[in-house]
């Protein structure tokens, strides 16, 4: 249910943003996007703090930072080899051909990729979906749905239909994570969840830099880190 609500708020927010797009001054759009970029970096910063959490430090000691860094470095190598960022852009281009015949192709791709990453990379998306699947409640996804609705409206006013298309990605990715939580049960330890959260926070900071046009980091290529971070925790624990 949480994912359904989240998809709905993205759709409604994106449609409102598209409808208001031409009525919002360019300077206002740029300012709103900049605010979202800064706030994304703040969310990332709060998530990175999980690297110093008690469960993670108790599990791996002083290796906590190394676990997160290693997951990001290896994840970047793996993601670059798999060309995840490029494949996301190719998927966006394919969707554009299916659902729209007008507009700027680059703008659509940028809207789809940026929105998909923002909506699906964060700890709320991953942990909220898994929690929902575990039957622990969908409160995290409800909070995320509200945030995503406002973000979709702001992004769609500048990036257009690509933001609306990202609702499909939200449904697929969060739906898959919910099913994963349902079938996997309590698999991840608190330390592994904290490592995943910290790695996700670093990726969010990179996304914030991208939104602010400070550095076009291919954050899509970093996504494997979200799998590697929890996987490296038990390995690091063995090294103690």
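Even glycines carry a Cβ here, placed using N, Cα and C.
The transmembrane segment annotation in TrEMBL covers 6-24, 31-51, 63-84, 105-130, 150-183, 195-213, 219-239.
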Task = Any chance you could find the range in 6-24, 31-51, 105-130, 150-183, 219-239 with the most Cβ pairs under 8 Å to the transmembrane segment (195-213)?
result = 31-51
Ask   = Short question: which residues 6 or more past the ends of the transmembrane segment (6-24) have a Cβ under 8 Å from it?
value = 115, 119, 141, 144-146, 148-158, 160-161, 163-164, 166-167, 170-171, 174
Ask   = In the same chain, which residue numbers or ranges, 6 or more beyond the ends of the transmembrane segment (31-51), come under 8 angstroms Cβ to Cβ?
value = 64-65, 68, 118, 122-123, 151, 154-155, 157-158, 194-195, 197-198, 200-212
